[in-house]
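Features as listed in Swiss-Prot:
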| type | residues | note |
| --- | --- | --- |
| BINDING | Cys75, Cys78, Cys100, Cys103 | Zn(2+) binding site |
| TRANSIT | 1-47 | transit peptide |
| ZN_FING | 64-159 | zinc finger |
Amino acid sequence: MIPRTRTLLQSKIPITRYFARCWAPRVRYNVCRTLPAAALHTNIIAHNEVKKDDKKVHLGSFKVDKPKMMIAFTCKKCNTRSSHTMSKQAYEKGTVLISCPHCKVRHLIADHLKIFHDHHVTVEQLMKANGEQVSQDVGDLEFEDIPDSLKDVLGKYAKNNSENASQLPHPSQK
């Protein structure tokens, strides 16, 4: 005799057998029929095209550079200074963890998805709550903190750059 908790709709068929007989074949069939492999590609193209008189007219496309942010910090565990880049969107709307290159400890930089905290939090808020100093000024950068890929762009604003850097205007001054 099958226990009552394992039956479906007062029938004597166990739940697992019921789903195996009735639901599973239909679900597999519907998923395969409604999501062909080419449909995803076609939907993406449809946003860039408009039908006019049964002809597709290309609207155009453009490339948008994703804004990036750079962070330089000293790991409190191993006292190693490092700098990293991240997307601005991830910092403002997602969760960002950065791994220390020396000791491999992960540092929480931003948590807007509430994975680690019950509210939206950024590293700036955490440091200010602990009474630590946070600087967003490009002029506070040390030349050694800047990643090699950004030295051409940000190196001229670093404090300890060559003598030519002192003659360049600060980014806030135009």
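In case you wondered, yes, glycine gets a Cβ from its N, Cα and C as well.
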*When neighbour density is defined as the number of other C-beta atoms within 10 angstroms of a residue's C-beta, which of the binding-site residues Cys75, Cys78 has the lowest density?*
Cys78
*Considering the binding-site residues Cys100, Cys103, which residue's Cβ sits among the greatest number of other Cβ atoms within 10 Å?*
Cys100
*Secondary structure at Cys103 (Zn(2+) binding site) (DSSP, helix/strand/coil)?*
coil
*Secondary structure tally of the zinc finger (64-159) (DSSP, helix then strand then coil)*: 29 helix, 27 strand, 40 coil
*If the Zn(2+) site is taken as the center of the Cβ atoms of Cys75, Cys78, Cys100, Cys103, which further residues of that chain fall within 8 Å of it by their Cβ?*
Lys76, Lys77, Asn79, Thr80, Pro101, His102, Lys104, Val105
